[in-house]
Amino acid sequence: MTTLAPPAVRGQEPTRSRGGRSGSVLVWMVLPAFVMFVFFGIVPLLGVVLLSFATWNGITPTIQLTGLTSWKAALTNPGLVNALWVTFLIMALSWLVQTPLSILLGTFMARQSRYRGFLAVFYFIPLLLSSAAIAITYKSLLDPNFGLGAGLGIEALNQDWLGQANLAIATLIFVVSWQFIPFHSLIYQGAVRQIPQSMYEAAQIDGAGRVRQFLNITLPQLKYTIITSSTLMVVGSLTFFDLIWVLTAGGPGDATRALAVQMYQLGFQASLMGPASAIAVILVLVGIGLSLLLRRLGGRADESQMEGV
Amino acid sequence: MTLSAGAAAGAALAACGNDGPGGSESGGGGSASYWSLSGEPGEPYRQASIDRFNKANPDSKITPTFFQNDAYKAKIKTALGANQAPTLIWGWGGGGLKSYVEAGQVEDLTSLFGDATLKGKLLPGSFGAATVDGKIYAMPVETVQPIVLYYNKKIFDQVGVSAPQTYGDILDLVPKFNAKGIAPFSLAGQSRWTNMMWLEFMLDRNAGSEVFDNVFAGKAGSWSDPAVLDMLTKVQDLVKMNAFQKGFASTAADTNADQALLYTGKAAMMVHGSWSYGIQKAQGGKFVPDGGLGWMNFPPIDGGKGDPSNTVGNPGQYLSISSKATAADKETAKKFFSTTLVDDEEKAGWVKSGGVPVLANSDSLYTGDDAQFQKDMSAIAAGAKTFAQSWDQALSPTAAEVLLDNIAKLFQLQVTPQQWVDNMNGVIGK
């Protein structure tokens, strides 16, 4: 959402005299958020980094700092490769499914239409629900013995959705998409409305059809929005835990055991807080790395599109 | 170099509620908090004993909070680590209790049970899982829970077969039920400890109790017994012949979906703990009262070395007292232990729940509708040459997690029996 970038004030001489006062007001306004961020963001993060160099079972009153022992244990854990693979698989598949659908839906909803009011209410319901509630609902609906398929007697719906490795991944992607496509189409809807109408009028005069207009005007104009939305999707997919935990608990076997699930199982079930923290640090690093990479791919994504800025 | 875990975690959690040991606010008596499991059949009787105690002791107060099984196991560990544990810690004894003891989190209760009248009110066999290095750290409470083989008598009559006497009979029954579109066995595979109950019996009947005794004692390479490979192969054969319901890997025990399969007749048999009787009675409508439920000890396996009288499961449930609780709260907890938890109403309550109380001399109470089940469970528990504690409770949390992980993969055919043995030998004694 590059349009939200604050207008730059470079070279604006008259503002300089007021700079000091508004600057100090700004500091006071930022302070509460900053304190919260330090207390609930930075401090726990440092704690996790520290824990990753320690050995702790989670219940002893003292924590032993043991250097790289926990890192070695985390990195040599036979489950790590699988967890990385599952994490990237979920990330890639959920991006591939969500992005095209969100763009199409966003574009569709941006147009003047009498169905839009209805859609706006009906379609955004998933956004209001918590992941755990969504997971419980789908788990019940998909149950091969008591679910929708068995209840309605529809054989095609009556698959072992969450009990077979490939199906479980596919189901997970479906539920993730069901939950988040509304949010991303909302972003795209806003972005499409920002595209100057004159561009479409010019294209119409040149005889371009709807598909051509979409491919040659809408898509290129959405470039920065795609990068923003993709960053949210990709980094967000690293944190999927509640949905996976309630739906499959990482199963069947370890087919849906993403890094976050692996971290939870090591820390809270196997009482290995050190290696679990090491995985948490890996997750943070992967998240930062991917965000930076996406910014690079998008060129100067932070450059404002607003005219004259 | 060490640092205090309580400093960081405790500070962050200090503002989060008053369930912890520091939550005492009343003047004279203590106000113990108590965490335990929710749901049928246990929760109403846990609540009843607390209500009874609170009524009899107006100046002390016990406040319970109930959690689902799997959620509770994680929650209690986190609370202990953050010094926010409840006064009364409910558990399964064994390896989990041992880790609490090593962390100095639970009170030594040896002197409380030095009183022979109190100790004498409980079944002697139940103290093993409460004892660490010769000292008692938990009070055995509630019920003795052997794991048994349940079957749906109506389904057996409908298909025209009789209850299995041997493992060979089970193998014969599987295709017969499958042919009728009925799952031979119900299994909540997502919860993993449910699959483990199968392995416990399969190992015991194949190889006897020695293999697991060696694992428990930390003897290197204990899983390498050829009988283990044979047993694991048999388990995978069961999976391959569709002995378990469709989608068993995604069925979770917390919602009792596995129980529902049995009492709704979608599955013919189920290996489960004795607590399952109470759940089926509470949720299965007329199924249990109409005599639909059958049960037996797990049958012998042809050519196996194990004594068919052996059983596995929980020799009791266990209540510990947090060492971090205030003196007044500890006194309240101890009074609860020595009065309410051993009184006649407590005994009658657990009998009513359909269970076998861990309190001694209960046999005369088995008179109602559940008498036959209770007599049978009591006989299995008393007659077992070996009553092995559930593996995930007997082992340390670290070893138990690897065990449950590998068991889930075994049932998913993701590991071969040999890989399973190698993986498990790798964590013996950890």
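If you go along the chain as it appears here, the first residue is 1 and each next one adds 1.
Keep in mind that glycine also has a Cβ here, set from the backbone N, Cα and C atoms.
What TrEMBL lists as domain 'ABC transmembrane type-1' is A:84-294.
Feature annotation from TrEMBL assigns region 'Disordered' to A:1-21.
Sequence annotations record features per position, and here TrEMBL assigns transmembrane segment to A:26-59 (among others).
Annotated transmembrane segment per TrEMBL: A:79-97 (among others), in sequence order.
Here TrEMBL flags A:118-141 (among others) as transmembrane segment. Within the same chain, residues 109, 147-148, 162, 171, 175, 178-180, 182-183, 185-186, 242-243, 245-247 sit at least 6 positions outside the transmembrane segment (A:118-141) and bring their C-beta atoms closer than 8 Å to a C-beta of that stretch.
Look at TrEMBL and you will find A:161-181 (among others) tagged as transmembrane segment.
What TrEMBL lists as transmembrane segment is A:224-248 (among others).
Residues 45, 48-49, 51-59, 66, 69-71, 73-75, 77, 80, 83, 87, 227, 230-231, 234-235, 238-239, 259-260, 262, 301 of the same chain lie 6+ residues outside the transmembrane segment (A:268-294) yet bring a C-beta within less than 8 angstroms of a C-beta in it. For A:268-294 (among others), the entry in TrEMBL reads transmembrane segment.
Contacts between the transmembrane segment (A:79-97) and the transmembrane segment (A:26-59): absent, as fewer than 3 C-beta pairs lie under 8 angstroms at sequence separation of six or more.
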